[in-house]
Amino acid sequence: MKTSIFKSLYFQVLAAITIGILLGHFYPQLGEQMKPLGDGFVKLIKMIIAPVIFCTVVTGIAGMESMKSVGRTGAAALLYFEVVSTIALIIGLVVVNVVQPGVGMNIDPSTLDASAVAVYTQQASQQGLIPFLMDVIPASVVGAFASGNILQVLLFAVMFGFALHRLGPKGKVIFDVIESFSKVIFGVINMIMKLAPLGAFGAMAFTIGKYGVGTLVQLGQLILCFYLTCILFVFLVLGSIAKATGFSIFKFIRYIREELLIVLGTSSSESVLPRMLEKMEKVGCKKSVVGLVIPTGYSFNLDGTSIYLTMAAVFIAQATNSHMDIWHQITLLVVLLLSSKGAAGVTGSGFIVLAATLSAVGHLPVAGLALILGIDRFMSEARALTNLIGNGVATIVVAKYCRELDEKKLDAELSGNNKNDNAATPTAQS
């Protein structure tokens, strides 16, 4: 029994994170030098994301009996994303107004160094709905795969899947090739995941070594407030949605515990995207639903990021004594409903969206971003964890609504009745 515990990815990642924290704290310079380990692991995962999405979506759509169900799944997913993201934005707004973490700081915006956030404000000026929609269309198919743009790959995969489905029996050879290729890709993922403890160790050692635990103290109230809000959202909002759908949020979190630890170590929810595709199929969701909901959710269903955006914007207003009445906050909410979709998939998207929002609202100082630039790294874990749980719950909800969920399989997997619960599966049945 002990041997199986020590060999489990869950234990190995947890141990790696602990060792990384200790190394970063006691030997900060050495901890900073561990950064390539974390970066390397995330790059390996990103290398495989595009082919995983392509294979999953194409085989899922091409293997469906009716194309009507694809449109129904997409519409249900987008409606769910918008409703739950709005709830996340509102919860962040309510909590930051009640706790008021920025009140009393009395920061003069003119004294802030805006040069540190100039790169984000410059990118923010280029964001918008039309540029975002145009960016979904790749200049070339090869370019979409080379850049790793999730939405571009998803668009091509959906079109390819539809075309393959229309070929009928003539397309079976291509379908079989892609399905076989999918098995190979998931085999590669299994190899990469063995390096997860090393990646988590390197990323955590670097974070603690560079920023130190002491940096959390100065703006600790905002960090604590944000973490508690994310916990509140997961267990109250997502927990209620899960209960209404017929499963326990606690059992689901236990089911994806390894993925959560990897995200905690790397601060990147993308690091477990391929593995989540596997696990959501294994839990009973049909491949076509998983292939559409998970990749799309990584751009449109960022619950943790939504909470962060409203809290950060109002915190800056409080810290700089910028007046925000109820109408200003409603305006902020409306702007965020649009802008939060505009920088999806962009590196540093949280800051870019926040900069764009502050500029759009007008009366909030964009230079105020400098206040949270230093602690943003410590809030990224909560954002990524909440985003991951939110996308997992969304997949099950949409699958059940579209009658593409095996509820007996869901109950068995979440209850741990399947002994191979955490084993990687090369492919899932559609």
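From the backbone N, Cα and C atoms, a Cβ is placed for every residue, glycine too.
Keep in mind the model is a prediction, meaning the values are calculated, not measured.
Copied over from Swiss-Prot:
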- 8-28: transmembrane segment (TRANSMEM)
- 44-64: transmembrane segment (TRANSMEM)
- 76-96: transmembrane segment (TRANSMEM)
- 144-164: transmembrane segment (TRANSMEM)
- 184-204: transmembrane segment (TRANSMEM)
- 222-242: transmembrane segment (TRANSMEM)
- 289-309: transmembrane segment (TRANSMEM)
- 326-346: transmembrane segment (TRANSMEM)
- 352-372: transmembrane segment (TRANSMEM)
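Scored on C-beta pairs under 8 angstroms, the neighbour of the transmembrane segment (8-28) with the top count among 44-64, 76-96, 144-164, 184-204, 222-242 is 184-204. Tertiary proximity for the transmembrane segment (76-96) is limited to same-chain residues at least six positions away from its ends with a CB under 8 Å from its CB atoms, namely 225, 228-229, 232-233, 237, 241, 292-293, 296-297, 300-304, 306-311, 314-315, 318, 329, 332-333, 336-337, 340, 390, 394, 397-398, 401-402. Residues 46-47, 49-51, 53-54, 57-62, 67, 70, 135-138, 171, 174-175, 291-292, 295-296, 298-299, 344-345 of the same chain sit 6 or more residues outside the transmembrane segment (144-164) yet have a Cβ under 8 Å from a Cβ within it.
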